[in-house]
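Noted in Swiss-Prot for the protein shown:
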{"type": "ACT_SITE", "residues": "C142", "note": "active site, acyl-thioester intermediate"}
{"type": "ACT_SITE", "residues": "H235", "note": "active site, proton acceptor"}
{"type": "ACT_SITE", "residues": "E237", "note": "active site"}
{"type": "BINDING", "residues": "K163, S192, R249", "note": "substrate binding site"}
{"type": "SITE", "residues": "E111", "note": "site 'Important for acyl-CoA specificity'"}
{"type": "SITE", "residues": "S192", "note": "site 'Important for substrate specificity'"}
Amino acid sequence: MPIKIPETLPAFDVLSSEGVMVMGQGRADRQDIRPLQIGLLNLMPKKIQTETQFARLIGATPLQIDLTLIRMTEHQSKHTSAAHMEAFYRPFAEVRDRKFDGLIITGAPIEHLEFADVTYWDELREVFAWTQTNVHATFGVCWGGMAMINHFHGVQKHILPAKAFGCFRHRNLAPASPYLRGFSDDCVIPVSRWTEMKQSEIDAVPGLTTLLGSPEVGPCLVEDPGHRALYIFNHFEYDTGTLKEEYDRDVENGTPINVPTNYYPDDDPARAPLNRWRSHAHLLYGNWLNEIYQTTEYDLEKIGT
């Protein structure tokens, strides 16, 4: 089944050209199916790039998805046009009375800030509380996942001495998990962050289970069944060239940065990088959506009751 997004959203043509099944409102209205209602709270500066990355992953399953793009109510995006935000995004204040089968909360390049110093932290905490009554399952990504696990469990993020940057092998620590169905014993995941969550602090919280982890960059994917949440601290959603864009940007700006580990062939930035995570990215998000489909309420309004 396809993902339903506006035909004028930039991702529509991009995904159509890649063979992803997408459809507009007209076709959706002719189908007698209850689509999964998925929200994407996009905290990244490059909204179009990020919304396309996640739409690509959640639009590649047999399930029909109705995607709602959400922004923080008062925060104004500086890197995406006001016209795009007005046309395609709904402020959280406008959707807080709705119910969703799933919600993805993206990362944000604000790791250097304490959580409480983030300008929209108070509203984001409202979002976290709202997920417990209005959302069946939530997926926090990178900083979004760190913020969620901090809010619900007090687990702190820690500044790294050097940026974790590159493609790192991660071990499958829970082969029986429905979220890792079809996963191999290890997989490569893009990493781009200045902070980490410590495994010992996650292990100290009853009920949390680490599903994927790396000896080099630490825990990656954590399940929190008590809050119907997954937290992932790395970037399965990244395009092939995303790390290259970040590296080239820092080099151009004179920002000290190492060549991303295990990304370019022979670690040579002159060579084109290879995507070694795409299949596992689709598996993870497909498994997450399938688990939602198997466990959510048919009557959307019963979620949280």
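Cβ coordinates are placed from backbone N, Cα and C, and glycine is handled just like the others.
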Could you check which of the recorded positions E111, H235, E237, R249 is the closest Cα neighbour of C142 (active site, acyl-thioester intermediate)? H235
The rounded CA-CA distance in Å from K163 (substrate binding site) to E111 (site 'Important for acyl-CoA specificity') is 11
Counting Cβ atoms within 10 Å across all protein chains shown, which of the recorded positions E111, E237 comes out on top? E237
Given the recorded positions K163, S192, H235, R249, which one has the fewest other C-beta atoms within 10 angstroms of its C-beta? R249
Please list, in sequence order, every residue of the chain apart from K163, S192, R249 whose Cβ lies within 8 Å of the Cβ centroid of the substrate site. F165, L243, E246, Y247, D250, I257, P260
Just to be sure I understand the packing, how many Cβ atoms besides its own are within 10 Å of the Cβ of the residue listed as 'active site, acyl-thioester intermediate'? 25
Looking only at the recorded positions S192, H235, E237, E111 (site 'Important for acyl-CoA specificity') has its closest CA neighbour at S192
Would you mind pulling the longest C-alpha to C-alpha span across K163, S192, R249, which the record has binding substrate, in angstrom? 15
The residue listed as 'active site' and R249 (substrate binding site), Cα-Cα, nearest whole angstrom: 19
To the nearest Å, how far is the Cα of the residue listed as 'active site' from the Cα of S192 (substrate binding site)? 12
Between S192 (substrate binding site) and H235 (active site, proton acceptor): CA-CA distance (Å): 8
